[in-house]
Every structure is written in C-alpha cells, then in structure tokens.
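Enquirer: Take a look at the following structure, please.
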Amino acid sequence: MVVFLFILYRQSDLKFKSMNGVIIVNTLKKRLFVATTMIWGLSVTLPVLAEYKPIEQPVEPANPSLKIESRNDLFKEKYPKQYQTWADTSKSTDLDSVNYEDPRVIVLWAGYAFAKDYKKPRGHFYAVTDVREILRTAAPMTPDAGPMPMACWSCKSPDVPRLIAERGEAGYFGATWASGGSEVVNPIGCADCHDTTSKDFAEGKPALRIARPYVLRALEKIDHKFDTSDRTDQRAALCANCHVEYYFAGDLKQVTFPWDNGITVDAMEKYYDDIGFVDWTHAVSKAPMLKAQHPDYETWMLGVHGKNGVTCIDCHMPKVQGADGKVYTDHQIGNPFNAFEHTCANCHDQSKEKLQAMVKSRKTEIKDVMLRLEDQLVAAHFEAKAAWEAGATKEEMKEALQDIRHAQWRWDYAAAGHGGHIHAPDVLLKVIGTGLDKSSDARTKLVRVLAKHGITDPVQLPDISTAENAWKATGVDIEKERKAKAEFLKTVVPQWDKEAREKGLLPAEK
C-alpha cells in the first residue's frame, strides 16, 4: 500500500510538471499529507555520502621500450583508403550547442564547467581542436595555469599514450592541461587503436593495441583482459579507450574507470558513494554531484547488440569495397545509416526507412522522459536553494541532496552517452525511470524541510527559457568567459602549434 500511494502521486505530478514548473510543488504538498501520514514511521533512511577516501590506483612507470608513433599523417601513403576515410570525419562539422537547445542543462550543471559550454559531438578529426576551443577548458595563458588537469587531454589524441610511455602515469597526470598544449596535437587517430611501429602493421595487418595503461587495468576488472580476448572483444574494447564513464582520481587526477562493482548505473553509483567521490558541489542546491562522461561501451555491453556480439566496429566502421575491388575498413566513423548496406542490412531484413523510423521513435520516447526528469531536477535544485535560505541545516538537507545526486547521475548517464537509444533503449528507459523516482523522493523531502521552516507557498522558479536567462540565474558571466577564450585562442594556441612543429610532432606549414 505504501509503494502504491507513492506511485499514484508521482504519476500525477509528472503530468502537471510538463505544463507548469510551479504547479507541481503545490500538487506535491497536497498529496504529501495524504501519503506521508500513513508512512511517516515506515520511511527508510538512506545512507548519506561518506567522506572522500580515494582508492589508491596503480601508477604505471615510464616505458621507454614502448614505441608509439602518434603522427597520423605518416600513414597517409601506406594506407590511403583508411587515411582518407579517417580524414573524412572532418566532414562532420556541426557544432550545435546543447546549452542553447536545452537551457535546463545550465541549471543542472550550475557551478561546473559544462554549464558554460556543451556541444553535440562531431568527427574525430576535430578532437584536439574542440577541446582547445570549448569554454570548459578556460583560457590558461601560461603552462602552469589552471583550472583543468592534464587528464582532460586523455581521450583526444594518440600523443597521450606516447607521453605516458615517455613520462609514466605520474609524470603525465601530474601536470596541468595547459602544459600539454604543444605535446598533444594529433587528433584521435592511428596509434590510438593500432601498434603503428610493429612489423604486423607494416605488413598490412591490424596490429590492434591499447596503449593507455588505465584502460587495460579497467578491462581486467570486468574480466575482459585485452591480450587474451578474442578478436571480436578486442575490436569493441578499442572504443573503451574513450567512450566510457571515468573520473579523475586523487590528487594526481588520474583517469580511472569506476568498474570495481560492475558497469551498470547502480554499480558505478555505489562505487562513487562508497569512496565519497564528488565531481562538484552544485552552485544552486549545494548537492554533492556526479558528472557522467559518455558510458557508451557500458550501455553497448548491456544492450541487445553487445549481448549478441555485434560490435562498435560492425556498425560504425564496416568493411567496404574500394574502386580497385579490394576490401578495407571504412574509418569514417559515423552514423550506421550512412552505410546501411554494409552495416544494418547485414543483420536486419527491414528497409532502411523502416529501421530509421523505429530508431527515431525510440529516440523521441527516451528524450520525452529525459526532459521530464530534467524538469524535476531543475525544480529540486531551486527548492533546495529556498530551503537553505529559509534556515535549513545540513542534517535536515542531507537525504534530499543525496536523492538529487542519485537522480541527476541517472539523467546524466543517459544524456551524456552517444546512441544509447539504439544501443540499449531498454536500459536507458529504466535508468531515467529510476531517476524520476529519486527526484520525486528529493522533492518530497524538500517539501517537509520547507514546511518545517515556514515555507508553504510554491517555490517560484526563475525564467530559464533561454541560455542567457539560465546563465544569469546561475551566476555565469558568459561574455567574460568568451572574451578570455578568444584571447587564449589568438595568442596561446598558435604558439602551441609552432612549438609542436619545432618538435616534429606536426608537419611543417605549407
């Protein structure tokens, strides 16, 4: 009966929420006294966040014998088809801003760099360019300036495993992002997936390799040791170089995958809670937040394709036939529908149009419930702010803030990924659904706290209908950020490229 009562008011609240962000608070108050009168003595107290105690991570020493050739342009002549299709990822030029498309995210990430600038992904060719230009990396004018650590380069370039081999993990991670500007200059390319210095590679064989030590360690945690995996698992694991959930551990800010308990949203959440890890404290609600990255490998493994051995490569890098009749792997990683006959049609009997309609429908359904969760979270953050302003104590707030943390972690797990609506739509819907439950739990608890401090009227939400309004509501001076970045791109980045050419890491200017 208790659970049934809660489900009743949650479903009703969600219908109101899609119409008006203020009405839901009032609706929630009315139902609260009906439902909680019967269950007050039966409520379960959830464990609150522990003090941060980072797990000590292995640190790989320098390995001078590991040779990594990170310059993509050196392989243009030997592998012209592969190189040209890789270069064709430059045709993916759109830089649509999620912040402008959906200003709610500015509130959800308030106090974190993603609130300033978050764009939809484009081709691997732009990996280095985009991380330089994004407002999130700020405008460090000297090598020692912050705020970002060296770890922020880790997914962007084959220069990263080269530097780790040369310096060791402590030497690589223990530096600022700005200090790597003239070293990390080649975008995601050949040496990220292949042993480009090996005899096998020279003879035209794939020579698949993962050279980032932290990735190899993570794969072992889930019994996917790369060296002993079969070819299918190895091909998929290459994408785990980057398309995974991770965090920066300890003072070293070492890239670490939270896979000790498994790869599900609950398993990773437990890992973070057990060690008390917090990405940032929310600027509005003061909740101890987690920021999901892009758990694509995890959702793929949990979905129908992963369970049936259909890998990332099968769908995004198919075998195609060149004009000379020879078959090669297409390196223009992108939408499988762009190469339908070589990807989807290998397994599916449906027409391209029918499959596209099915995928579009799933995407729309997931987006709809995701936006409902965003609305709940936006309201929860501002209701928490109102509770603090009314005099709430840390003890009174801790359970509601923990619910906000868990709810937004689930939203972000679904939102941050690429293609989850096709990789594992059932997984995403479940994740978002439990996020809605937890956001409702948070708001229920906040109503009690607000009432205890004399707040019985609905909490008025600020106008966040545009990105500019949302930045204003959360205290972001976006024009100041843009001006600083423009100066950085004008003065610092050209110097980085000049130094990289002097080191031989980039080809000479033509």
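The backbone N, Cα and C atoms fix where each Cβ goes, glycine too.
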Enquirer: Look at the heme c 3 binding annotation in Swiss-Prot, where Cys239, Cys242, His243 are given, and name the residue from His124, His348, His381, His406 listed for that site too.
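Expert: Checking His124, His348, His381, His406 against Swiss-Prot: the heme c 3 site match is His124.
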Enquirer: So Swiss-Prot lists Cys312, Cys315, His316 for heme c 4; which of His194, His421, His423 goes with them?
Expert: His423
Enquirer: Pick the one from His282, His294, His305, His331 that Swiss-Prot also lists for the heme c 2 site with Cys190, Cys193, His194.
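Expert: Looking through His282, His294, His305, His331, the residue Swiss-Prot assigns to the heme c 2 site is His331.
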Enquirer: Taking the Cβ of Cys155 (heme binding site) as the centre, count every other Cβ atom within 10 Å, in any protein chain shown.
Expert: 20
Enquirer: Of Cys152, Lys156, Cys239, Cys344, which binding-site residues are close to Cys315 (heme c 4 binding site), meaning a Cα within 10 Å of its Cα?
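Expert: Checking each Cα against Cys315 (heme c 4 binding site), the hits are Cys344.
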Enquirer: Filter the binding-site residues Lys156, Cys193, His305, His331, His348, His423 down to those whose C-alpha lies within 10 angstroms of the C-alpha of Gln293 (Ca(2+) binding site); answer none if the list is empty.
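Expert: Cα filter at 10 Å returns nothing.
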Enquirer: Calculate the distance in Å between the alpha carbons (Cα) of His194 (heme c 2 binding site) and Cys152 (heme binding site), and round it to a whole number.
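Expert: The Cα atom of His194 (heme c 2 binding site) is 22 Å away from the Cα atom of Cys152 (heme binding site).
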Enquirer: Spatially speaking, which of the binding-site residues Cys155, His294, Cys344, His348 is closest to His243 (heme c 3 binding site)? Use C-alpha to C-alpha, please.
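Expert: When the Cα distances are compared, His294 comes out closest.
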